[in-house]
Amino acid sequence: MAHSQVAYLIPLKADLKEDNSSPRITLSEGPNIIGRGNVSIVDKRLSRKHITIIVSTSGSASLSVDGTNPVVIRSSGDGERKKVKPSEEVSVCNDDLIELIPGHHFFKLVLLNGRAAKKARKAEDDVEAIRRFCPPNEKLPSTFRLLSVDALPDWANTSCVSINDVIEGDVVAAILSNYMVDIDWLMSACPKLANIPQVMVIHGEGDGRQEYIQRKKPANWILHKPRLPISFGTHHSKAIFLVYPRGVRVVVHTANLIHVDWNNKSQGLWMQDFPWKDDDKDPPKGCGFEGDLIDYLNVLKWPEFTANLPGRGNVKINAAFFKKFDYSDATVRLIASVPGYHTGFNLNKWGHMKLRTILQECIFDREFRRSPLIYQFSSLGSLDEKWLAEFGNSLSSGITEDKTPLGPGDSLIIWPTVEDVRCSLEGYAAGNAIPSPLKNVEKPFLKKYWARWKADHSARGRAMPHIKTFTRYNDQKIAWFLLTSSNLSKAAWGALQKNNSQLMIRSYELGVLFLPSPIKTQGCVFSCTESNPSVMKAKQETKDEVEKRSKLVTMTWQGDRDLPEIISLPVPYQLPPKPYSPEDVPWSWDRGYSKKDVYGQVWPR
């Protein structure tokens, strides 16, 4: 990691105005290698190690050409253009312009000193926050992880996970719940699946794809598509349930079981291992997480199957089977949606009404009164102002210690612009996974909500979001945070009907809600796969001790993350978000775009 940022390169357009669609390149004290990985447009004339800029804290800098093509330096003093040939080295000054290829790829060099350097180092700390996101084992179940992105450097994937980090160890039965399933990719990306005796895939694929999967799947795999009683619904939930001899692993995430979702996009994943309940002890008191989980699994109604579990014999795997595990260490709640017309007791079990009900029971710090809300997702339904107010009322629920309601806060929608998609790692192709039509995106009342997908601190500015998150925050502190499969739509969250006595939901969805929760133990870890499955350090308590509650913060929060109550969440986007400028255009996938992307393509292809 760089010790001190002392300069940066500003990307410029051909007219020498700043190119806001590309990130600035920070330069630290000492040598800095710049090459094709720093440029958003593919150009084979650029070498991976094209130039080296050596910068000192005194404000001096030199540039040497390491690639096979010359570089042009345009002096900030007299405007003279000087060609620097391969293997040559020259001095460069503040505000000099650098052309990585003569006439192409313009950058302005800015050298820092004093106060500017201190401010820049703070910005650098923010930019590299993902580098430092290394939560200890005991905090992992209380946070989530981002998925690794192939095109990013190793440091940008710190503490990130891939499918083989999730499906591991001596799994005896697996349930994979998802919308889209590429069976060929899944088997090649995760060879471990071939050795699991019983695998069920709960999916949302259409008839044609379902027939293909049926032909390609291993003989011991079972396919199940849950019933969709209301038109235009989908099975959209993304979860994995792995049964081990020691317990069960529950995983909630945002990626389809396809290559691009696990390799090219910004995605999130939460998981926790839970032990079997001890038959020789009184059963643990039921907890909210267990109720959330069993309620949801009961609705899926998959065909019961049998698995042989070491020491337990043949066991029927159905929804009731999952009551055999001890979920008392869960610090999160599950927010699910299931299709139907929900009334009475069921009105508050699903969708945004479930979220409303849980938040109403929570006590939050006073700083979150009327604090802002974020809606971030990858597909926008056909909305109206009435429903958005209904949804906002649910997300504004909660009280402070003196019973004062948190009250409504300003809401913003984080949504990629056309330029974000064009300059992304996938170019316009990324827009296939942001499938919202013009008629939904360009409703006039939505204009005031739009905010930019800015993700420098997680290095995911060009990894287009398929992650879905909803949160309430104050600066870098978070009241609550939801990682979910739900996009912003009535189909996913439900719409109240019949004078608010009925909630109509079309789709299956699943999310995990992070809340401030009591810190019961320190160093409490259970693992289904580690050689030492359980490590427990009892918390020292005194009679007068006030029960501490966890505090949720972002990766860029500047406090002490080692405090036991601090739970750092890898929120991938900038908070507060930057509202759209007049020039920003929200992405819609059924519009034509003639400006070529980073691969020289237009849209549609």
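The backbone N, Cα and C atoms fix where each Cβ goes, glycine too.
Looking just at the motif 'Nuclear localization signal' (81-86), the mean pLDDT is 95. According to Swiss-Prot, the feature motif 'Nuclear localization signal' maps to 81-86.
Spatially close to K238 (substrate binding site) yet at least six residues away along the chain are S177, N178, Y179, V252, H253, T254, A255, N256, S485, L510, judged by Cβ distances under 8 angstroms. Residues or ranges marked as substrate binding site in Swiss-Prot: K238, K468.
The region 'Interaction with DNA' annotation in Swiss-Prot covers 379-382. Remote same-chain residues near the region 'Interaction with DNA' (379-382) are listed as 415, 434-436, 439-441, 487-492 (criterion: CB distance under 8 Å, separation of at least six residues from the stretch ends).
Taking the Cβ of H466 (active site, proton donor/acceptor) as centre and 10 Å as the limit, one finds 23 other Cβ atoms among all the protein chains shown. Annotation source Swiss-Prot lists active site, proton donor/acceptor at H466.
The annotation site 'Interaction with DNA' is assigned in Swiss-Prot to S489 on the grounds of similarity to another entry. All protein chains shown were included, and the count of other CB atoms within 10 Å of the CB of S489 (site 'Interaction with DNA') stands at 24.
Within the same chain, residues at least six positions away from K468 (substrate binding site) with a Cβ under 8 Å of its Cβ are T254, Q376, F377, S378, L483, T484, S485, S486, N487, G511. Cα of H466 (active site, proton donor/acceptor) to Cα of S489 (site 'Interaction with DNA'): a span of 15 Å. Here the region 'Interaction with DNA' (379-382) is broken down by DSSP into helix, strand and coil counts: 0 helix, 1 strand, 3 coil.
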